[in-house]
Amino acid sequence: MASATNSSLSLMLLVAAAMASVASAQLSATFYDTSCPNALSTIKSVITAAVNSEARMGASLLRLHFHDCFVQGCDASVLLSGQEQNAGPNVGSLRGFSVIDNAKARVEAICNQTVSCADILAVAARDSVVALGGPSWTVLLGRRDSTTASEALANTDLPAPSSSLAELIGNFSRKGLDATDMVALSGAHTIGQAQCQNFRDRIYNETNIDSAFATQRQANCPRPTGSGDSNLAPLDTTTPNAFDNAYYSNLLSNKGLLHSDQVLFNGGSADNTVRNFASNAAAFSSAFTTAMVKMGNISPLTGTQGQIRLSCSKVNS
């Protein structure tokens, strides 16, 4: 009986793995070449204009894609009003919805109900990085949009700014991403800003931090909880609006803003990867683009699954 049960379990796992593989295989760089040939150029024009107007928007759009993919897969669930948007890691900090809505409206005007919000998010992430001087990559397409979202999963599946190295490795591993992917994707913190409430404990209580850097950050982040919680500081103090490898050099100098940044270089298993990325921009770019493609393949809805939303913030009626 035990043998039969184990065989059945093994078969189920194989089937599940095969289904996941098929879903990823259904994504294609040429998915819209016939159905909406101007989709990518239309999205790019919207994203590039938005990032040129406000550099921080590039980081916000990249973060939207990350927070989408880590919660029930890359399915645009993060764009549905409420639910995931109300989760602790997202509330009061997610931005860029209007830019995605604008891109969606522009695409709908040329190809009605053809291009998914999930694909727009994936393309927007790539175009944001490029607009800030970072590397490009081929975005695989064909995702469909979910009809549900989960605040509970957003609270459990998204990494916290207080995460340890082991917690980060485990969190990413559960999404099919290895430790190198995790360190590379953390390099997205070469752009963007963080709220005081997410780095207060680090700048006042941690010892593995450059003292001058801590003092600089304390000037705009008071010690008392509730005072200046939403005040912002750049995640990369060196080149905050350029997508480069300076983030890793900052870690070598103990100038990581978040606890979850500095744990990447603190005598642990990720130290050598951080050193490599700090000294070799090409190695970082290669690892980052590889990891972005892998992240974009997390549990996509394809074929007849889900829907193509008419409005990214709500399911079709």
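Every residue gets a Cβ built from N, Cα and C, even glycine.
Ca(2+) 2 is bound by ASP236, THR239, ASP244 in Swiss-Prot, and the record lists one more residue there from THR180, THR190, THR289, THR290, which is THR190. Within the set CYS69, CYS74, CYS111, the cysteine that Swiss-Prot bonds to CYS36 via a disulfide is CYS111. Listed recorded positions near HIS189 (heme b binding site): ASP236 (candidates CYS36, CYS111, ASN112, CYS221, ASP236, CYS312; Cα-Cα distance within 10 Å). Sequence-ordered, the extra residues of this chain that approach the Ca(2+) 2 site, with Cβ no more than 8 Å from the Cβ center of THR190, ASP236, THR239, ASP244, are ILE191, THR238, PRO240, ALA242, PHE243, ASN245, ALA246, TYR247.
Within its own chain, CYS312 (disulfide bond) has ALA76, LEU79, PHE97, ILE100, ASP101, LYS104, CYS117, ILE120, ASP145 as residues 6 or more apart in sequence whose C-beta sits under 8 angstroms from its own. Nearest in space to CYS196 (disulfide bond), taking C-alpha to C-alpha distance over the recorded positions HIS67, THR190, ASP236, THR239, is ASP236. Note on proximity: of the recorded positions GLN26, CYS36, CYS111, CYS221, the one nearest ASN171 (N-linked glycosylation site) is GLN26, by Cα distance. Cα to Cα, CYS74 (disulfide bond) and HIS67 (active site, proton acceptor) are separated by 9 Å.
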